[in-house]
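One structure is given here, and the rest of the page talks about it.
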Amino acid sequence: MAELKETYACIPSTERGRGILISGDPKSNSILYCNGRSVIIRYLDRPLQVAVYGEHAYQATVARYSPNGEWIASADVSGTVRIWGTHNDFVLKKEFRVLSGRIDDLQWSPDGLRIVASGDGKGKSLVRAFMWDSGTNVGEFDGHSRRVLSCAFKPTRPFRIATCGEDFLVNFYEGPPFKFKLSHREHSNFVNCLRFSPDGSKLISVSSDKKGIIYDAKTGDIIGELSSEDGHQGSIYAVSWSPDSKQVLTVSADKSAKVWDISDDGKGKVKKTLTAPGSGGVEDMLVGCLWQNDHLVTVSLGGTISIFSASDLEKSPVSFSGHMKNVNSLAVLKSDPKIMLSSSYDGLIVKWIQGIGYSGKLERKVNSQIKCFAVVEGEIVSCGFDNKIWRVSLLGDQCGDANSIDVGNQPKDLSLALSSPEVTLVSFDTGVILLRGTKVLSTIDLGFTVTACAISPDGTEAIVGGQDGKLRLYSITGDTLNEEAVLEKHRGAITVIRYSPDVSMFASADVNREAVVWDRASREVKLKNMLYHTARINCLAWSPDNTMVATGSLDTCVIIYDISKPASNRITIKGAHLGGVYGLAFTDEHSIVSSGEDACVRVWGITPQ
């Protein structure tokens, strides 16, 4: 049996020059955001407890709790809204095709019976309001000519809907059934976000022209604006009201968040400017915010979530981050198996500690893409798409000096000799390269298409897997390879080869969903019929005591086999990662870490059957 112990969640997908929407539920103190096709539910007071909803067929854009907290409506880039329950396995209530293009914002009515959604679409339909149970329209929304970025539902009667967008307009509709009432064109750039105050008396809109304008919620008249002294120096992307309707929080491209006092006559004065910690680069621009209970949540373009305390604005914020893209490799430190490093294609390396979660990003001097990486004592070896192999020294939480070596070919796979980590075997399209430190010992063309490789810990033997499904064993003397044997069992290109920790066995896997465990001395098959995946196997890991092998596949599953039992005695983790599993590592005999396309990292506890 395998059970989920911890989830290290991904961060919100962000886009340059656009605000993103995070929302929450004040009762359970949870927040919602989207990454890829997933909707993530996180609890502000319990960072390791994460729920993921992965039923959207397209990239999800926004999700919101219903007023009673029982349902969540989430929308995606195809214009579809799904309404699902927060309990018992996220049961789907309804699915509606609302717009013909991407949905940028949606809002529930205060009685939870209607939903308004806005976004992009062909023709005139850029905003629609509908009944949550039947999907019937409740009103006509004319008056916008371009993408509508935000919509809001007045929380008290008489009901109003306000919308704003890329045509610089802020429109008011009254109803239900809703019809156009009036329009303002006070902003001189995209209007990014608008929100009614919780007491239903005011409305605020913020724009890329650095201004915020406050309206009377009932009549729609302008009553004031945010003061320009000490105001934002960049586009304002999002705004959120305090629960008592007396203050607002805004975030901007100038990398700061501001808390404003809003007077009864609609004037806004800066109370405090909050700066989130960061290097000050582009990725520190703030693009999303939420004021929930006593928490002020801000999201940066790089995805870092910072939580300030509303009652004590001087207190430094709690920040956590993670991956935004596919986490394609994973390593556990030998010296301390509680510490894990994960990397994604965009060159980000994140450090996690079991039981604590996010523990910082490793800042490298040169930020190159990462295709595969390996960690040995105090050193990270990685390769990307630039024909270079990087060796970076690890000093605690920081990366030290980086040495790179140009190998002249694009690396496909790399393997370190663990007991003499200076020796590295790198495979490229038609052969392998032997490295010692940052020197190329030899480049050997093997005359067939190489897809995977492994080198034994003492550096005397290499196994090379080919496109033809054959495993070739070579002995290494000095800088030459001598072919010793060819093993034929696989029926597809080899994807991964791994030696067991005690080097008595090795395991290999292929694109044809099969894995094989071999005895190293006799070169015979030790465990066969490991054919339980339904798609290619991406990764493979050995338990530290050599008794178990785990495989992770594109079919989203992780399967754990016991070497001493037949392959049918397996433990299967179904749906471990939406979109496929790409990284696997054991931390000890009873727990395994996996990572995948959904940008999450998960820790599973294993109890043998």
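Just so it is clear, glycine is given a Cβ too, placed from its N, Cα and C backbone atoms.
All annotation found in TrEMBL is predicted automatically rather than curated by experts.
The following features are taken from TrEMBL:
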- 53-84: repeat 'WD' (REPEAT)
- 184-225: repeat 'WD' (REPEAT)
- 229-263: repeat 'WD' (REPEAT)
- 487-519: repeat 'WD' (REPEAT)
- 530-571: repeat 'WD' (REPEAT)
- 574-609: repeat 'WD' (REPEAT)
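When each of 184-225, 487-519, 574-609 is scored by its Cβ pairs under 8 Å to the repeat 'WD' (53-84), the top-ranked stretch turns out to be 574-609.
Sequence-distant neighbours of the repeat 'WD' (574-609) (same chain, 6+ residues past either end, Cβ-Cβ under 8 Å): 1-11, 35-38, 50, 52, 54, 322-332, 337-338, 340, 342, 344, 352, 354, 535, 538-545, 547-548, 550-558, 560, 562. Look at the repeat 'WD' (184-225): DSSP puts its residues at 0 helix, 22 strand, 20 coil. The DSSP breakdown of the repeat 'WD' (530-571), given as helix, strand and coil counts, is 0 helix, 20 strand, 22 coil.
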